[in-house]
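S.K.: Okay, handing you the structure first.
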Amino acid sequence: MATEQRPFHLVVFGASGFTGQFVTEEVAREQIASEQSSRLPWAVAGRSKEKLQQVLEKAAQKLGRPSLSSEVGVIICDISNPASLDEMAKQAKLVLNCVGPYRFYGEPVVKACIENGTSCIDICGEPQFLELMHAKYHEKAAEKGVYIIGSSGFDSIPADLGVLYTRNQMNGTLTAVESFLTINTGPEGLCIHDGTWKSAIYGFGDKGSLRKLRSVSCLKPVPIVGTKLKRRWPVSYCRELNSYSIPFLGSDISVVKRTQRYLHENLEDSPVQYAAYVTVGGITSVIKLMFAGLFFLFFVKFSIGRQLLIKFPWLFSFGYFSKQGPTQKQMDETSFTMTFFGQGYSHGTCVEKNKPNIRICTQVKGPEAGYVATPIAMVQAAMTFLSDASDLPKGGGVFTPGAAFSRTKLIDRLNKHGIEFSVISSSEV
């Protein structure tokens, strides 16, 4: 079926999952805010019709839209049933895949979407899955003219588009960026659903697969422009932010590097070096995180250790992860700030013979990262995909957010929906 003849513009798959319910609510909010003429037909998909209806009813109550359940399609679909995945994909132009961990459940969705000419956006933060999908399916997706766009939530839209925003705001050539993520919490603290915890456990437990995948990829190194960016110590002090920091172990570095490769090889852009960190406050927080990290890295090496980590997330994460996830109050009181420190060269400066002579600082700020900012980012990526098709890379394929949306108005959309990009300072040295 041609995509213009399909009954739904987008389908939220995994709508009754912990993150999926918030994505569903965000799609509903977007559609309610739209003018009648611009509203898009959409659906939710999952294994249980009853649970899907409950999610819609909850969103209807929260948004004051009693008729929501009757306005949204419902598709029964099971990740273990390829025929049901095909049937779902045939009914949509775009699937928003919220079913993780993606290393176990992501590939069947990608495969079904490509085979049925349907594009797909996910919120995966697992580098091994993201890079594997590019290696296996980029050419197949391009042949079908569909777009598979990964990591379109908090992992890794703020980082990926934040680097592009910093590049676009610099009056010269940006050559290197360091980002520092700061999570701001209220009195009740931070809590993350254990789905993210499980993805981290499986990812660290199988690091060898990612190394092997990269070793056989035979990709040419991306050239380093200007002074090589020095990596910080595992624990370092950031004077600008008055805080200790540690390396950020999510998907941001993998995603940003893939974006920079794509932009360099396909659009001849000057590549940007990148490093990512997370601030942890004072020395007490550093000690606490060091103990948590040592426990995690020891247990994750062994099968029985991984089982214990999965069974007792609250204990081994020192209370940061739980099977219940955050309360509404915790989410309301939490926000994030991602600060980017960039360096580069003014126009006309010889890069090979000089040190960087421009500094720039930008920020991306937003609400709670996992279940407020992630749905906003995913839904605005979807709206951008559906409305700015002429600005996407030609021909389809498997893309990072930065590669897919570098020429679109996604940053403008995010700014209007509470994920704000801004320049803090810019100066010549």
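Backbone N, Cα and C atoms are what each Cβ position is placed from, and that goes for glycine too.
Not my notes, these are from Swiss-Prot:
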type    : residues : note
MOD_RES : Ala2     : N-acetylalanine
MOD_RES : Ser209   : phosphoserine
MOD_RES : Ser215   : phosphoserine
MOD_RES : Ser217   : phosphoserine
S.K.: When DSSP is mapped onto helix/strand/coil, what comes out for Ser209 (phosphoserine)?
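M.R.: Looking at the DSSP assignment, Ser209 (phosphoserine) belongs to a helix.
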S.K.: For Ser215 (phosphoserine) and Ser209 (phosphoserine), what Cα-Cα distance in Å is obtained after rounding to a whole number?
M.R.: 10
S.K.: Using C-alpha atoms only, work out the spacing between Ser217 (phosphoserine) and Ser209 (phosphoserine) and round it to an integer in Å.
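M.R.: So the Cα of Ser209 (phosphoserine) lies 12 Å away from that of Ser217 (phosphoserine).
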S.K.: If one looks at the chain holding Ser209 (phosphoserine), which residues at least 6 apart in sequence have a CB under 8 angstroms from its CB?
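M.R.: Residues satisfying the criterion: Gln128.
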